[in-house]
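Chemist: Just dropping this structure here.
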Amino acid sequence: MKSFPPLRLLVPSLAFIGGAAQAQSLPFGFGLPAPTQVAPDTPELCTPPTDPLEKAVWDVVQRDQQARDRLARTPPTPDLSCGNRFDGLLELPLVPGREDDAFSQLMTSVREARAEVLVANMFIETGTGAPGWLLAGALRDLYRKVQADPAAYPEGMTVRIATGGMPGFLSPSELLPARFAGALRSLGVPLSDPKLGWSVEVADYRYFPHSHVKMHVIDGKQVVTGGYNISAWYLPRTQPGGHDLHDLGLALSGPVARAGVAAFDDLWTKSRLLSCPPLVTPQNIGRECRFRWLPTTLPSHPPSTLRVTPLGDSRAWMLYRRAGYVQADEVGLALLRGSRQTLDLMHADFSANINCLYAFKTPHDCDPATFPSYFQEVIRAAERGVKIRVLTVDYDVGQLWNRSGIALMRQELRRRGLEHLFEARYTRFKMHTKATLVDGQMLVVGSINYHFSSWGTAGLNEAALATNDPQAIARQRELFERAWNDPKLSRPAPAEPWLSDLQPDLVARPTSP
């Protein structure tokens, strides 16, 4: 497949290394991601769904995949949405009564990998004892297993770690890939061991805006998307660096994991690889390692990971977006348009435009005609009679954004005589979660915020999973209802004083179900 390198327009003001410009590039010329790679003999596994919400997602994903196939001039990619298994709704921090959390699931999956580990995360914290250090420790354990029994790993072991390329004022040895490589080497893990087929590559996304994706894929069979960085922020407050920050991840196994690999590959080909001697010492990473652009051609994968194996009965779809590619936006909007009963949004962000930061004081500064697409679709859902509940936060940066978002939503629904269909509560706990439940039938969990930075052609890189799995939905409903109904966990978001003076001046448009 022919590929074209994206144009690299340098932005020196965004990041510097060692006092010199460590330029990010603007993402011109990206085009569509490459088609999902599967084994050549993969049969068509699925029939089109009949459920309206499932079909809304399926239509967008199939249309997108067909466009990618046509552009690449490859055979049609099979539908990967059926035959998936729910492995868990992973929660952080570790709560009393549970023996594992999202981080322990990641470490266990890494140790049990048979051929390939792919991890993409905006921020990986590698201080001693931090989750990133534990990830390095899990890779050390995996390396020892490969060492002890090479025959059990006939394809060797491919490990790729991709960080988010956040702008900053850092020297080469302070960038996230260098820190993670340093953690690996401190634990005695080589970056390469050709005799065993062992390879660890660490790269950093190098375009503006940065990658906000949090996901991992193991052996091309299991995929997890979530909202959490690999950071101590999500640990219990009783642990060093812990902030009791709540977040969720959705773990699925089956064909959809191959779509997760395709999303990872798209990130990977737009990253810079940290190139080091295999046995570089941690102290010499800054001197002996160099960043280099990765080729725009797709990376190779162990053949066993390309095989598509149904493992369950659930539908699931990979949602992915980046600058210039908005498949996840289109799926999210299709779900909002398809809602008929309820929208339960458990989101750390619920805001409108960048100029609406103080809309709770001056709502007239925000023209409803310019509201982001997701905000407008929530309003339209209320016009269809959909009941909307928003569970969000009111601290730090989110305090102003979310207060204004709630005020604007209430304003527009009051103008339509529909304010009774909208409720909002603020959590009494720290929350970074991004989970959407539509009509109690479709769950979306990942990194996508209800915030302008996560949507549109210039938005951040994001990833999420959508599923109809009954167990996943039941678990999310349980989490949401507990937080919503317990006054120790949440409180009503107060209405702005000026709202009571607002008179309904718009007639709700009648729509058919």
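Cβ atoms are placed via backbone N, Cα and C, with glycine included.
Sharing the features that TrEMBL gives for it:
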type   : residues : note
SIGNAL : 1-23     : signal peptide
DOMAIN : 207-234  : domain 'PLD phosphodiesterase'
DOMAIN : 427-454  : domain 'PLD phosphodiesterase'
REGION : 485-513  : region 'Disordered'
Chemist: Averaged over the domain 'PLD phosphodiesterase' (427-454), what pLDDT does the prediction give?
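Modeler: That region's mean pLDDT is 98.
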Chemist: Would you list the DSSP helix, strand and coil counts for the residues of the domain 'PLD phosphodiesterase' (427-454)?
Modeler: 3 helix, 13 strand, 12 coil
Chemist: Helix, strand, coil residue numbers for the domain 'PLD phosphodiesterase' (207-234) per DSSP?
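Modeler: Each residue of the domain 'PLD phosphodiesterase' (207-234) counted once, the result is 3 helix, 13 strand, 12 coil.
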